[in-house]
Amino acid sequence: MSKKEVIVSGIQPSGEMHIGNYLGALKDFVKLQEEFECYFFIADLHSLTEDYSPEEKRQQITDTLIAFLAAGLDPQKSTIFVQSHVPAHVELAWIFNTLTPINELERMTQYKDKSAKQKKNINVGLLTYPVLQAADILLYHADQVPVGHDQIQHLEMTNIIAKKFNNKYGEYFHEVKAHMKDPVRIMSLTDPEKKMSKSEPGSYVGIFDEPEIIRKKLAKAVTATDAPTGEMPKGVKNLFDLLKEFADPPAGGNTFDKFDKQYKDGSIKYSELKSDLAESLITYFAPFRARRAELTKDTEALTKIMKEGAEKAHTVALKTYKEVYEKVGLVWS
Ligand code: ADP
Ligand code: TRP
């Protein structure tokens, strides 16, 4: 039997998980674990490069783990862990720091965007963020990395670092590829020009939002945006995108088709579309809320999952790190 390809991806624990994150990342992770050798982690160290509060961070790490599990990631199928629990990530990043040209890092879009956003906190971690990400990926010799468009530059950086390493110390790391299947981009409910994001509180529906909150958020969704004649306004298109994802599966049904037809013949009532979509979201995420309630009660089980995941990841990471140590000329103790 041929060896399964390796998939690695991380999500920063920096706020509530929303339906955009779910469609753009988590939902795909859950599918991938059936087919690949998967490493999914909570990128807590990366998230320290942004402004944050320590107490909130601790909770966000646990909440992200709960979101992973509630969405269907299974510790029996995937290696699920917290980045900071596996020290080799930082250790390998240091070696990579010595190989990475500063000017390559300075041209990264995310670095420029974040520096503009947090002018008073342009820390070195923001600059070397892609170096740690390269370590996350190469420690497990990933073949594919499921990420959104915004992360493509960081994958290219990973490949640059791998090449530099190979040129200097001999062929060792192989190229990684982005895994992007039908990348969906869900837009903000309040400003459909921007993407749905946890940094804009009104913009998103959380995967654990209570029914009443979902109804309220959807009722406020913006539909009256300008669009060139003949084109669907962005806010409306966004609601249709969500309908397509959440309205009918798995039972089937024709909610999407019904509203699509009404849109075309001009009889559509957006209040009805919004309330039907709200009910679909409530139904779709009901099992997520139930699993979260169970998981929140069982802190011991969560600790055990974190610990076992870290041990599994550590074993693989340590093997790579030892081999790197040898190659770069350090003395293993
Ligand atoms: P946020 O903007 O909410 O802080 P992140 O930048 O932390 O989200 O992204 C976490 C993951 O979710 C990434 O894989 C990203 O591609 C995906 N993602 C974030 N927002 C959206 C969105 N609006 N639509 C689709 N995918 C998204
Ligand atoms: N930078 C990614 C993001 O913001 C998170 C991340 C950290 C990641 N390390 C990674 C993603 C390694 C894929 C692989 O979404």
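The backbone N, Cα and C atoms fix where each Cβ goes, glycine too.
Keep in mind that TrEMBL annotations are predicted by a computer and have not been checked by a curator.
Look at TrEMBL and you will find Gln12, Pro13, Ser14, Gly20, Asn21, Gly148, His149, Asp150, Ile186, Lys195, Met196, Ser197, Lys198, Ser199 tagged as ATP binding site. The L-tryptophan binding site annotation in TrEMBL covers Asp136. Annotation comment: TrEMBL describes 195-199 as motif ''KMSKS' region'.
Overlay of TrEMBL feature records on the structure.
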residue: Gln12; record: ATP binding site; Cβ neighbours (10 Å): 18
residue: Ser14; record: ATP binding site; Cβ neighbours (10 Å): 20
residue: Asn21; record: ATP binding site; Cβ neighbours (10 Å): 24
residue: Asp136; record: L-tryptophan binding site; Cβ neighbours (10 Å): 28
residue: His149; record: ATP binding site; Cβ neighbours (10 Å): 11
residue: Ile186; record: ATP binding site; Cβ neighbours (10 Å): 23
residue: Met196; record: ATP binding site; Cβ neighbours (10 Å): 24
residue: Lys198; record: ATP binding site; Cβ neighbours (10 Å): 16
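Checking the binding-site residues Gln12, Asn21, His149, Ile186, Met196, Lys198 for a CB within less than 6 Å of any atom of ligand 1 leaves Gln12, Asn21, Ile186, Met196, Lys198, listed in sequence order.
The binding residues for ATP are recorded as Gln12, Pro13, Ser14, Gly20, Asn21, Gly148, His149, Asp150, Ile186, Lys195, Met196, Ser197, Lys198, Ser199; their greatest pairwise CA distance is 19 Å. By the rule that a residue counts when its Cβ sits under 6 Å from some atom of ligand 2, the binding-site residues Ser14, Asn21, His149, Ile186, Met196, Lys198 yield nothing. The separation of Asp136 (L-tryptophan binding site) from Ile186 (ATP binding site), Cα to Cα, is 27 Å. For the pair Ser14 (ATP binding site) and Asp136 (L-tryptophan binding site), the C-alpha distance works out to 18 angstrom.
Gln12 (ATP binding site) falls outside any helix or strand according to DSSP and counts as coil. A mean pLDDT of 90 is what the model gives for the motif ''KMSKS' region' (195-199). Cα of Asn21 (ATP binding site) to Cα of Asp136 (L-tryptophan binding site): a distance of 20 Å. On a Cα basis, Asp136 (L-tryptophan binding site) lies 18 Å away from His149 (ATP binding site).
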